């Protein structure tokens, strides 16, 4: 593939295009001001909003909706805190109304999370599939958070999900891409965008996900809990751009043996024998 500076490289989800391949979370920041500056520094164009936490004015979420310029950033309501498919479907509907209140009348996106496991926060594959099927029927653009299960990813694609979002490692763990082999299988077989979600701790791991062929990453804790969230957000921004460019450029094939970068003919010793 030959790239030029004018080569378009938009990420399309549903009917919406994005330039940035970094999706950011809005939780865990030390203040709304730091969140605002971090989002600006990241260059992101879509952020997740935990519908239940906004509704209940949970710590760090009071004033969240008013703090973001929704004319520039697309809202991705999520169903965090839902343990069953029924709960997730109900909260997704509330999320659609929340997006409308923010001025995004045509926003039907939902990040689907069905998590009954309170210790490791691992998603329920059965509840996720059940909720996804119903929400797709209702016209939602469903972005499901899942374990790195290639079969489940394909099934969710088949029922009409707009993306699949396999976890790199447990939410907030900072363990990186522990499921890289399975994520690669998902990427290889997917016909919808693959967004690596959860577990990314440092920019190099975000770059790795894009180098593998992931279409985007979602990062929250690694930015919000950094010593300097604003600078970390910028670091993630450049790492993701670098990873994407590397993927599009095509990496050097791996070899079992060395391959010299200098010519092996016409060397000095050879010239002296003549």
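In case you wondered, yes, glycine gets a Cβ from its N, Cα and C as well.
As the structure is a computational prediction, the values presented were derived from the model and not from experiment.
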Matching residue for the 1-deoxy-D-xylulose 5-phosphate site, where Swiss-Prot names 198, 199, 220, 221 - out of 172, 243, 250:
172
Spatial neighbours of residue 220 (1-deoxy-D-xylulose 5-phosphate binding site) that are distant in sequence (at least 6 apart) but have CB under 8 A:
24, 25, 26, 27, 28, 48, 172
With 1-deoxy-D-xylulose 5-phosphate as the bound species and 172, 198, 199, 220, 221 as its recorded binding residues, calculate the greatest Cα-Cα distance and give it in Å as a whole number.
9
Give the distance between the Cα atoms of residue 199 (1-deoxy-D-xylulose 5-phosphate binding site) and residue 111 (active site, schiff-base intermediate with DXP), rounded to the nearest whole Å.
17
Whose Cβ, among the binding-site residues 172, 199, has more other Cβ atoms within 10 Å than any of the rest?
199
Measuring Cα to Cα, tell me the gap between residue 221 (1-deoxy-D-xylulose 5-phosphate binding site) and residue 111 (active site, schiff-base intermediate with DXP) in whole angstrom.
17
